[in-house]
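Database features (TrEMBL):
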ACT_SITE  Asp191  active site, charge relay system
ACT_SITE  His223  active site, charge relay system
ACT_SITE  Ser385  active site, charge relay system
DOMAIN    49-143  domain 'Inhibitor I9'
DOMAIN    182-426  domain 'Peptidase S8/S53'
SIGNAL    1-21  signal peptide
Amino acid sequence: MKVALTAPFLVLLSSISVSVAAPTIDTTVVDRDAAPLLSSTSATELPNNYIVVFKKHVDGDKASAHHSWVQDIHSSSIAALRKRSYIPSAGESLDIDSLIGLKHTYNISDKLTGYAGAFDDSTIEAIRKHPDVAYVEKDSIVYALEEPAVERAAPWGLARISHQKRLNFGTYDKYIHQAHGGEGVDVYVIDTGTNTDHVDFEGRAHWGKTIPQGDEDEDGNGHGTHCSGTVGGKKYGVAKKANIYAVKVLRSNGSGTMSDVVKGVEWAAEAHIKKAKKKDPKFKGSAANMSLGGGKSPTLDMAVNAAVDVGLHFAVAAGNDNADACNYSPAAAEKAVTVGASTLSDTRAYFSNYGKCTDIFAPGMNILSTWIGSEYATNTISGTSMASPHVAGLLAYFLSLQPDSDSGYATELKPAQLKKNIIRIASEGVLSDIPRDTPNLLIYNGGGKANLTEIFDGERYVVKPDAAGLEL
C-alpha cells in the first residue's frame, strides 16, 4: 500500500517566484517486515537509484558485511537478468548496464551510516527486508540555486554586513573588518567546484574532492566559484584569509544527485575531523557552504546535522521559490544556519524562501564575485546561493578571531554556540517584506571589532516595526 504523509518533501528549485503548497512523501510498504521506501511526489527521481540508511545499531563490521551481501545479491540478480535476455515489459524501462550496484558508502562519525547505488527491483526488495535497514530513499536530482533575475550592479553585500544601519552614501562601499579574518580556518564549498587559479584566492583555494564519477576537477559552471569568492576572496570575500576547499557534487550543468551531495557532506566532515586531530595550534576550525537544493530529503538533512555534530560549522541556502524553506533540503537541516536573501534596499529578495526554518538573512541580490573563464573573471548574480556564502564567510571570520589553541585563553567555539551568537547579534527588524513566522534578522560582523567577547556581548541593533525602513 501507499501511505501519503502530510509533510514537506522534495520540491524542485525554480527561478520562478511562486507560492508552493506543502508537498507529500509517498511511503511504499510491501509488507510489515520491509523498511519504508521514501519517494517524492514532485522531484525528478533517478530510476533504480537508491539511498539506503542503516539503523543506529549497525557498526562498521556489520556495515562491511552488509555491503558484501548486497554486492553478492546484486551480481547474482544481474547475471540472472542477462541469462534470460531480460526484455522490459510495456511501459517499463531498464538499462541493465546502468545497474552498477554499490556506488557510495556513508559513515559520518557513526551518526549517519548507509550507502547508495543502482539496483534492480528484486535486489532493492531484499535490501528493504534486511534487519539492518532503517529506510530506503529514492535518489533524485539536486540543483544549484540559480539566480532568478540578473541585474548588473556594484558589490554592496560586504559593506552591508559590517554596518547595522541601512547603507547610505557614506557607507555603501565601505567594508569594515579585521584584515586577517578567516586566517587558520578551512571552508568547504560543496557546489560545482572552484576556479582555484583565480587571483582573488591568492593561492588559498584548493581542490578537495570531485564526487560525480567521471567528472573533471574543475568548475565548468561558475556557481561554486562565485560562492567561494564571497566566502574568502581577497576583494570579494567576507573572510579574506580563509582556506577554500572545493567539493564538487554538481556537474557543469548545475545539477547532480542527492546521493552525491550526501557523499560530499561526508567528505567535508571527514576532512575536518582529520585536520582537527592534528592539533595544529594555528588551526581555528572549519566551515562549509552549500548553496544548492532539490526539495526535502531526510538523508541530506541527517548528513548535514551529523557534520555539524562533529564540529563542522554549516551555512545553507534557504531556496529561491518564495516559499516555506521547511519544504526544502538542506534548508530544513535544523543544526545548519539557513540563510535567506536580502537586497540593497533592505527588503527580502522577492525570490527568497522564508518561514521558521530560515534562521537569518544576508545580502543575495546583485552580488559581484569571482567567476570562471580566466583568473580575473567576475560576475554579478543573485539568489539565496549568494546569501549563504556571506554567512559561511562570517562563520570563518568569527572562528579566526579566536585565540590560538595553545593560548591560555582558548576555548572551543562549537557550531551550536556560534550559530546562537550570530543570530543574537544580528540586526533586528531592519528588513521589510518579512512574513510573520520568519526571523527579521540581518547578519552583522561586529563592525570591525577584533575581540569576540566584545562582539558577542554587544547590544543588538533593533528597529521597531513601525520604523522599519526609515532609519538613516
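Even glycines carry a Cβ here, placed using N, Cα and C.
If you draw a 10 Å sphere around the CB of His223 (active site, charge relay system), it holds 29 other CB atoms from the protein chains shown.
The average pLDDT computed for the domain 'Inhibitor I9' (49-143) is 88. Residue counts for the domain 'Inhibitor I9' (49-143) under DSSP, helix first, then strand, then coil, are 35 helix, 32 strand, 28 coil.
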